[in-house]
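Novice: This is the structure I have questions about; it appears just below.
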Amino acid sequence: MPILGAFLSDSFLGRFLVIALGTVTSLIGMSLLWLTAVFPQARPPHCDSPMTGSCVKANSAQLAYLFGSFVLMSIGAGGIRPCSLAFGADQLYDPSNPKNKRVMQSFFNWYYASVGLAIMISITVIVYIQDKAGWVVGFGVPVGLMFISTVMFLLGSPLYIKLMPNRSLFTSFAQVTEAAWNNRDLVLPPMESGGAIWYFHKGSKLITPTEKLRFLNKACMIRSPEDIDMDGRALNPWNLCTVKQVEELKALIKVLPIWSSGIIIAVTISQQSFPVLQANSMDRHLIPGGLKVPAGSFGVFAMITLTIWVAAYDRIIVPLLSKFTKRSQGLSLKERMGFGLVISCVATAVAGLVESKRRAAAIRQGLADNPYGVVHMSAMWLVPQHCLIGLAEGLNAIGQIEFYYSQFPKSMASIGVALFTLGMAVGNLIGSLIVSILNKVTKTHGRVSWVSNSLNKGHYDYYYWLLAALSVVNVFYYLLCIWAFGSTENENKVEWDEGDGMEDELEADDHAKGKGSAIVFPH
């Protein structure tokens, strides 16, 4: 859904309107979910013994109502997630400010930290309210918070910078692809020769295509003056595109390999249900006889680590690193993403070691056949893996988002952010696929599955080590991807036209030029 929301935003509706529609839709979906707790008719009757299998199941209408609320929340998230960060960045973007790069980096860091803080509240305070006050209050509180959020966002409308799209990116990408194919018989001259005549609009900073993915340059190469109308527009946009259109598609294609390298860490981050099972089987007291941590709240340690890391990195580490790296942002975006991937390898290896120790203790204590037995082992052993995951996410996820944002023009910023959420979604799906395949393969010939419902009979430690091995392979794949991507230094970076309506100011004698030459078409 974030991909759809991003294209609607950057192609048709604009970020403000998509966020507004997404917020209202999310509020409606959450309200419907809350009503399943308010009205008994909206859910099956309460069952005291679900393990016996004698409970009354939900009927078709109840399931349709429940799934309808999930669909609305998904649609709403598809509008909010890809656009909110990009919309916030629009408010702060000021290329005339020499410190703008540092300002934008701080914004990305603190935005993600605020998301981490929200997750911490949801898995502690909200979970506590749901446990103690029931689902009516437990679902009602988030609905109330979402209502306040919706009202506050809409009240701020007059204050916002709102960038409106002027064309469909889907159509633009399709035009470039077809134009390059239609012009496949053209011979591209060497870039340094200046022999080609490229099509661009008046005032555009993009007058010559880059060398990478050169076959796409044929889409903006003018065959003859007959390709251009009297008003300077291409007669057939499916045969001739602007340099900017070509570079936009190139930007998307070039980041896809690096994007794919973030899928495995998304798998690691998404596997939150297994640590909950582990925590349930361990002593969850912070201190003997003291506060008992809910099994579902151990993820808060990852969020605490992420938030502390963001604050320390932004305020302490970056100023120190900048003295040595001579870069205002400290580590480069590629370095941040790479370090995050390496730490995720360590996190999954630690998770495997802890599970191996927990399982051995359970068997030693005679709990091999008792999946609900509590092992005499502190659940605080799970904290290091959560902290490492939080650190890995703080490095890789924020680095990914900022990297995508830096590689696209502002008109495509929502798509850049949506790539990250798409990667997380694909990671969830692949994580589920890995579990399904492991379950099928490892339980053959009468053996117990590695991911058995009985935690002590299974081998979740093997599962974690498999993820660790995949993560190590992924690090080398990432290194290959950044080598293929090449430098991101200023000399190789595309200077985008940034949302000033240039493409509508057309004059024929400014549309088609070669390097250092101009073609003037008769009026």
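Glycine residues also receive a Cβ, built from the backbone N, Cα and C atoms like all the rest.
The transmembrane segment annotation in TrEMBL covers 12-35, 63-89, 110-129, 135-161, 294-316, 337-354, 413-438, 462-485.
Provide an account of the burial state, proximal residues and distances for the features listed.
Specialist: Outside the transmembrane segment (12-35) by six or more residues, the chain places 5, 42, 65-66, 68-80, 83-84, 86-87, 90, 136, 139-140, 142-143, 146-147, 149-150, 153-154, 157, 160, 162-165, 168, 414 with a CB less than 8 A from a CB of the stretch.
Sequence-distant contacts of the transmembrane segment (63-89) (same chain, at least 6 residues past either end, Cβ-Cβ under 8 Å): 1-6, 8-9, 15-16, 18-19, 21-30, 32-33, 36, 42-43, 104, 107-108, 111, 160, 401, 405, 413-418, 421.
Only residues 6 or more beyond the boundaries of the transmembrane segment (135-161), in the same chain, are considered here, and those with a CB under 8 A from a CB of the stretch are 16, 19-20, 23-24, 26-27, 30-31, 33-34, 37-38, 87, 90-91, 122, 126, 129.
Sequence-remote contacts of a segment are chain residues at least 6 beyond its ends whose Cβ falls under 8 Å from one of its Cβ atoms, and for the transmembrane segment (337-354) they are 258, 261-262, 264-265, 268-269, 275, 278, 331, 381-382, 384-385, 388-389, 391-397, 399-400, 403, 461-465, 467-468, 471-472, 474-475, 478-479, 482.
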Novice: Who are the chain neighbours of the transmembrane segment (294-316) in space, where the CB to CB distance is under 8 Å and they lie at least 6 residues beyond its ends?
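Specialist: Cβ under 8 Å, 6 or more out: 105-106, 109-110, 112-113, 116-117, 119-120, 123-124, 127-128, 131, 272, 275-276, 279-280, 284, 330, 379, 382-383, 386-391, 393-395, 398.
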